[in-house]
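As structure tokens, the structure follows; a few thoughts come after it.
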Amino acid sequence: MAATTHLPLVRATPNSIPLPVHREQKIKNRDSSSLTDSFTNCKTLTQLKLLHCRNTKQGLNHHLTSMTELISSCISLGTTESLDYAAKSFDYFIKDEGVGDALYMYNSLIRGYSSCGLGDRAVLLYCQMVVNGVLPDKYTFPFVLSACAKVGAYSEGVMIHGAVVKMGFEGDVFVDNSLIHLYGECGKLDYGRKVFDKMSKRNVVSWTSLVCGCAKRDCAKEAVSLFFEMVAAGVKPNSVTMVCVISACAKLQNRELGEMVHGYIRDHEMEVNTHMVNALVDMYMKCDCVDIAKKLFDECADKNLVLCNTFMSNYVHQGMAREALSVLDEILRQGIRPDRVTMLSAISACAQLVDISSARQCHGYVLRNQLECWDSILNAMIDMYMKNGKQELACRIFDGMPNKTVVSWNSLVAGFTSNGDVESAMNTFNTMPEKDIVSWNTIMGALIQESMFEEVLELFKLMQAEGMKADRVTMMGVTTACAYLGDHDLAKWIHAYIEKNEIYCDVRLSTALVDMFARCGDPQTALKVFNNMKKRDVSAWTAAIGAMAMEGNGRRGVELFNEMIKQGVEPDGVVLVALLTACSHSGLVEQGRQFFRSMKERYGITPRVVHYGCMVDLLGRAGLLGQAVDLIKSMPMDPNDVIWSSLLAACRMQKDFDTAAYAAERLTKLAPERTGVQVLLSNIYASAEKWTDVAKVRLDLKEKGFRKVPGSSSIRVNGKVYEFTSGDESHPEMTSIELMLGEINSRLRDAGHVPDLTNVLLDVEEQEKEYLLSRHSEKLAMAYGLITTGRGMPIRVVKNLRICSDCHSFAKLVSKIYDREIIIRDNNRFHFFRQGVCSCCDYW
């Protein structure tokens, strides 16, 4: 008998297997029901083959009922082998008997292939059926459309839809439901909605197919809306509907909607199965309702592994790693065997906790249960060991991987990055055999962490050269780098690139663009980007107010803050720093005081040291040094070096030498390594011509081996950056620059400009002072800009130190005489010079 199980199929005809006449007559008279019962009773493919062989020998292959039941039984077994056997048997049958009565068998085979996930073969069989002249019926279409949905065969589905319309089956509820399901699975929700809207009669499957299609895509709001329409129409949802709509609420992270859906389940006493509990737990966790989710989890009598995995993964996502591991303990206590999904959450939890002991236990479980064959597990363990500071273990896992995917390489690069090992991260990146967008974004993030902004832009150029398309995360990094470099031309190009490539601008990227333009000295474009934002969070408002602060437009900054409050956006400590800075840069003393007082009273924000620093700066700039000192003494925390630096800078502006010495003494004790303190004190003494005190301070600096940082300014012309240092005459075009400076000084003298020699902090003759003053770095840069840029073009200068009062007056007059806008970014803020007026209104 064993040999017969592997016999090839035999094409039997009355001539090929002669039978005795009396046996043939008996077979013809046999009741067909006995044949069908025999096939129905077969439990394995081996039994089916044995019975089929026996029937073949007896010449029963021509019996339509017998062949139909053979195919049905093969499909019931639901294996690829049984389906292949059914298909071969069917092929032999139609070759001998034709396709006249084969529709049911075609439908059965199509259904079988579809049920087993072999959608491509189901569609191919449908095409074969049509070619053979067999017309599909209303049962054929749901089967083949289901197959198309499972394999995403959208084009084939559209063609079958055409056949449905031509054959008049469009009004059949089962066919229409299958079409809705197809379009939902293929992401063509508009087409599915059109089919739905045309239906004269809809059942629960019709609604559920559309709800689920929306829920799986980015149409969660539509899914919830459809659910409530469905209920209003009197159609009772089933458990599948509820799971889909709950999942939609989870995507929206809308607790109110989720509770309404949950309330419907309770009010209508729907039977809650584990799938629904799983969806509810996931929804409440994503809505930050951990207590409700925990209660549902604890009350569930049938805690299966899927539910436990959902709970664990959400705990990890919420940053509740310890609680995630407690769920793992409960799983083990109940005797449930953790699977790959469980261990992924557990490993991620160990990474969050930086718990090397638990990490090793998870690693041991993975090895004992042969889970290391999964790439995702190994990648997670690389990340786990990297975050635990065990780079050598992470590298050992990586080296032992038989299949190093791009995700594996990315995990290694990200690990080196998180440990601050940029060199290893870069070396790994350069040796990657294949890179995806995550690879580029990860290494760019590493460079940004190390303030390597020019390298980020070079990497972005290389990325484009290699044909890799940037995404939102890429542009976040590039925008951040450009903001710190202050390259306005590049900023405009980046903005155009984002628009041209239709890169989605969410709140974070839009906010980064606002900040970029503000830092590049283009507050007007920054506000345009801000005004075009459809959604704004407190960070976006902070960036816009910060842009106004940089420009010195404090009044507009205050207006933006008041508008933010009217729109119901809760302020935080960061936006109040931007607001107080805007007040400080514009001399809005009383408004600044009011905002500072209202922080705790109105907004419930306790002022921190940075807010006190803003107030000290505000009062110091306004010349209220006594009030600034009193405020420092009243601080509930110890003043830091920034506080004393702000006071010291104000002392220089107000020429208050006693307070300056007091602030410098306190600052030196807090931060003795900061040479800028002594330099600033030296400059204060020099501006008062206290040369003996200047000599003492500078001698002290010299003995400590410190050197004063020279003033330098840079200007970008035709994509190239040119840097100038005060007093340096080494520039190759210095002759032209000196001629331009001579012309400028001549025209400025005619306009009544008198150089402010107090800005020369050296004890030399007045003629020497005037010469040194004319060679300040920003003046050299402005002169170069005038001779190298076209008429009417703005001149943008970036300076490493604070602009002096003489250069400020110089820039105002140049902007008017030469009809040029001059933008100077010093180490404190932007100055926009237009027609002889600066945006700071001479208050800086």
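Every residue gets a Cβ built from N, Cα and C, even glycine.
Marked as domain 'DYW' by TrEMBL: 752-844.
For the repeat 'PPR' (102-136), the mean pLDDT of the prediction comes to 89. According to TrEMBL, the feature repeat 'PPR' maps to 102-136 (among others).
Residues 138, 141-142, 145-146, 148-150, 152, 154, 157, 161, 164, 209-210, 212-214, 216-217, 219, 222, 233, 235 of the same chain, all 6+ positions outside the repeat 'PPR' (172-202), place their C-beta atoms under 8 angstroms from a C-beta of that stretch. What TrEMBL records for 172-202 (among others) is repeat 'PPR'.
Sequence annotations record features per position, and here TrEMBL assigns repeat 'PPR' to 203-237 (among others). Beyond its flanks by at least six residues, the repeat 'PPR' (203-237) meets 173, 176-177, 180-181, 183-185, 187, 189, 192-193, 196, 244-245, 247-249, 251-252, 254, 257, 261, 264, 268 of its own chain at Cβ-Cβ distances under 8 Å.
Away from its own ends, the repeat 'PPR' (304-338) comes close to residues 274, 277-278, 281-282, 285-286, 288, 290, 293, 297, 344-346, 348-350, 352-353, 358, 365, 369 of its chain (Cβ-Cβ under 8 Å, at least six residues beyond either end). Taken from TrEMBL, the feature repeat 'PPR' applies to 304-338 (among others).
Marked as repeat 'PPR' by TrEMBL: 405-435 (among others). Helix, strand and coil counts from DSSP across the repeat 'PPR' (405-435) read 23 helix, 0 strand, 8 coil.
Under the heading repeat 'PPR', TrEMBL lists 436-470 (among others).
Tertiary proximity for the repeat 'PPR' (506-536) is limited to same-chain residues at least six positions away from its ends with a CB under 8 Å from its CB atoms, namely 472, 475-476, 479-480, 482-484, 486-488, 491-492, 494-495, 498, 543-544, 546-548, 550-551, 553, 567, 569, 796, 823, 825, 830, 832. For 506-536 (among others), the entry in TrEMBL reads repeat 'PPR'.
Per TrEMBL, repeat 'PPR' is recorded for 537-571 (among others). Here the repeat 'PPR' (537-571) has long-range neighbours at 507-508, 510-511, 514-515, 517-519, 521, 523, 526-527, 530, 578-579, 581-588, 591, 595, 603, 605, 829-832, 838-841, 843-844, meaning same-chain residues at least 6 beyond its ends whose C-beta is under 8 angstroms from one of its own.
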What residues in the same chain, six or more past the boundaries of the repeat 'PPR' (405-435), come closer than 8 Å to it by Cβ-Cβ distance?
375-376, 378-380, 382-383, 385-387, 389, 391, 394-395, 398, 442-443, 445-447, 449-450, 452, 466, 468
Chain residues in Cβ proximity to the repeat 'PPR' (102-136) (below 8 Å; excluding those fewer than six residues from its ends, i.e. six or more beyond):
67-68, 71-72, 74-75, 78-80, 83, 86-87, 90, 93-94, 143-144, 146-151, 153, 156, 160, 163, 167
